[in-house]
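Asker: Quick paste of what Swiss-Prot says about this protein:
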BINDING   12-15, Lys71, 202-204, 268-275, 339-342  ATP binding site
MOD_RES   Ala2  N-acetylalanine
MOD_RES   Lys77  N6-acetyllysine
MOD_RES   Lys108  N6-acetyllysine
MOD_RES   Lys246  N6-acetyllysine
MOD_RES   Lys348  N6-acetyllysine
MOD_RES   Arg469  omega-N-methylarginine
MOD_RES   Lys561  N6,N6-dimethyllysine
MOD_RES   Lys561  N6,N6,N6-trimethyllysine
MOD_RES   Ser631  phosphoserine
MOD_RES   Ser633  phosphoserine
MOD_RES   Thr636  phosphothreonine
REGION    394-509  region 'Substrate-binding domain (SBD)'
REGION    617-641  region 'Disordered'
Amino acid sequence: MAKNMAIGIDLGTTYSCVGVFQHGKVEIIANDQGNRTTPSYVAFTDTERLIGDAAKNQVALNPQNTVFDAKRLIGRKFGDPVVQSDMKHWPFRVINDGDKPKVQVSYKGETKAFYPEEISSMVLTKMKEIAEAYLGHPVTNAVITVPAYFNDSQRQATKDAGVIAGLNVLRIINEPTAAAIAYGLDRTGKGERNVLIFDLGGGTFDVSILTIDDGIFEVKATAGDTHLGGEDFDNRLVNHFVEEFKRKHKKDISQNKRAVRRLRTACERAKRTLSSSTQASLEIDSLFEGIDFYTSITRARFEELCSDLFRSTLEPVEKALRDAKLDKAQIHDLVLVGGSTRIPKVQKLLQDFFNGRDLNKSINPDEAVAYGAAVQAAILMGDKSENVQDLLLLDVAPLSLGLETAGGVMTALIKRNSTIPTKQTQIFTTYSDNQPGVLIQVYEGERAMTRDNNLLGRFELSGIPPAPRGVPQIEVTFDIDANGILNVTATDKSTGKANKITITNDKGRLSKEEIERMVQEAEKYKAEDEVQRERVSAKNALESYAFNMKSAVEDEGLKGKISEADKKKVLDKCQEVISWLDANTLAEKDEFEHKRKELEQVCNPIISRLYQGAGGPGAGGFGAQGPKGGSGSGPTIEEVD
């Protein structure tokens, strides 16, 4: 069965994405860079052909021979006004071959010309290989998506590209239809439904209105702007910072291609950050003539820079409604597609236009189309699993998420492979007396010690009222939403003071390979980790016992119940152990255990005499596990069991 699996491919203008339906759910497949979307770029050099990330990464060095936007050419005539106007903006050459456009490049020292279908087929081949690498066997069957407004020749040309790539194209389906399938809107079974798909991608903006009745999809209207997308928002940011650089440093970087390219990459990253944070910082070393460019931008400023572009997205929505002869109150579902729909302002404008209606956005917007294509592919291959009949979307956290407790121990709140969205809360406390604050350091990874894991971010919770160690209660909450965005909040229960950090699933975090490597390494290191964990645990137990004994015999309530000689004996021994601990933080587990036995031999007889005399507070009740003590600079947190 597994061998004749079918994949779903979203062949995008700027990015493509591939998914497969297996084990009862859709899996969006990451490429060798760990990215779940792959640039629709093909580059030709003196020595090789590059596709995807590798092609996009070298575009600044090789602009004439790096081809993108093939989707704007496919199935069109050379004389088409669209082709003529687009040609003005491309760094690569487009030539006329019998009124068919061809892209001319230099490859291995020769001049070559390729049809758009050939360029698209190279991207499709890449997507096919990404799926094969993941599934571990050859894949031939595929469903490929196209915009709803594609005409027959554009559809046929896309199918041809699939054939050139060695695919058996089961069906070409509309992108908005795929998105609606992804959300299972064809299975609500409530009679006819009108669905508006708002698709704002990297280079294009499409609005489609579909009517779904009993599993039948009908496109009622399409509208949009073939030249509006994420790249335009990047351009606004680039222009803004070019001007800022002029003001700050009296230099114009706009003619330096490499500087502008580096600035653009930083702007794209800042734009993504601003979807989940209200501010983003850019740090570009030696951007131009050795000048470092460090700056920041707020979400409000970004929204202002792009306000006319954002507002212009509503015009096609109104046009599509008019064409479909529908009133906005007659739309049942609103679906967001395309990475740019993550921008909060875009969501708000659409939501306000529809009088506060909820938006369907639980599936990653860049992945919704490939997701639906994968479901359609499974159906066409005759997949009978009931999940295809009623599909439920469940994403998972790929790595454990937690924080550092005393001694550098990784304390996981969200275990790997937990389904998201999810929320976990745990109580921690202070590690030293009168500690004024705690440093919350958030890590991801599978190792026992945080130094072997990946630091995602840190923040401090200060203003904790003075109290003995172990008394304050700090509630830490890890909350991941459906987009994989993590919010960590720490609250001091006594004062209600809180602080938080938001960590977005920036694709630059860890690739699938790194996750695999971490998991495999974790197996290998498990034994070492276990030894280390036991060592820290033994150290903490000893330290805890020594401090507890010390405070027990110093307790005012014991005055007169314990002889000064006994008290001195306990205090001296405790002090000796505490000093030894400071000098031997890296001792082995059995040394810590041996020291603890020594200390117990001194303390136990005295404590038991005390009990026979009075039944005072027992030191044993302090829990051998004790606080997760340890070295390390700055305020630390420990876990309360």
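Every residue gets a Cβ built from N, Cα and C, even glycine.
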Asker: What same-chain residues, at least 6 away in sequence, bring their CB to under 8 Å of the CB of Lys77 (N6-acetyllysine)?
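Answerer: Looking at Cβ-Cβ distances below 8 Å from Lys77 (N6-acetyllysine), excluding near sequence neighbours, one finds Val83, Asp99, Lys100, Pro101.
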Asker: By CA-CA distance, flag whichever of Lys108, Lys348, Lys561 among the modified residues is nearest to Arg272 (ATP binding site).
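Answerer: So, spelling it out, the nearest of the modified residues is Lys348.
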Asker: Please report the distance from the Cα of Lys561 (N6,N6-dimethyllysine) to the Cα of Arg469 (omega-N-methylarginine), rounded to the nearest angstrom.
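Answerer: On Cα coordinates alone, these residues lie 25 Å apart.
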Asker: On a C-alpha basis, identify the one among Lys108, Lys246, Lys348, Arg469 that is nearest to Gly12 (ATP binding site); the candidates are the modified residues.
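Answerer: For Gly12 (ATP binding site), the closest Cα among Lys108, Lys246, Lys348, Arg469 is found at Lys348.
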Asker: Starting from each candidate's C-beta and looking 10 angstroms out, tell me which of the binding-site residues Gly12, Gly203 has the most other C-beta atoms.
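Answerer: Ranked by Cβ atoms within 10 Å, first place goes to Gly12.
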Asker: Averaged over the region 'Substrate-binding domain (SBD)' (394-509), what pLDDT does the prediction give?
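Answerer: Here the predicted model's pLDDT, averaged over the region 'Substrate-binding domain (SBD)' (394-509), is 82.
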Asker: Pick the one among the binding-site residues Ser275, Thr341 whose Cβ has the fewest other Cβ atoms within 10 Å in this structure.
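Answerer: Result for the binding-site residues Ser275, Thr341: minimum number of other Cβ atoms within 10 Å at Ser275.
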Asker: Measuring Cα to Cα, how many Å separate Arg269 (ATP binding site) from Lys108 (N6-acetyllysine)?
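Answerer: Checking the Cα atoms of Arg269 (ATP binding site) and Lys108 (N6-acetyllysine) gives a distance of 33 Å.
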Asker: Which number gives the other C-beta atoms within 10 angstroms of the C-beta of the residue listed as 'N6,N6-dimethyllysine', all protein chains shown included?
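Answerer: Neighbour count, Cβ to Cβ under the 10 Å cut-off: 15.
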Asker: Please name which of the modified residues listed here, Lys108, Lys246, Lys348, Arg469, is nearest in space to Ser275 (ATP binding site), Cα against Cα.
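Answerer: Going through Lys108, Lys246, Lys348, Arg469 one by one, the closest to Ser275 (ATP binding site) is Lys348.
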Asker: Pop the Cα-Cα gap between the residue listed as 'omega-N-methylarginine' and Tyr15 (ATP binding site) into the table, whole Å please.
Answerer: 53
Asker: Under DSSP, the region 'Substrate-binding domain (SBD)' (394-509) has how many residues in helix, strand and coil?
Answerer: 3 helix, 62 strand, 51 coil
Asker: So among the recorded positions Lys108, Lys246, Arg269, Arg272, who's got the most Cβ atoms within 10 Å?
Answerer: Arg272
Asker: Compute the C-alpha separation of Gly203 (ATP binding site) from Arg469 (omega-N-methylarginine), stating it in Å without decimals.
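Answerer: Rounded to the nearest whole number, the Cα-Cα distance is 56 Å.
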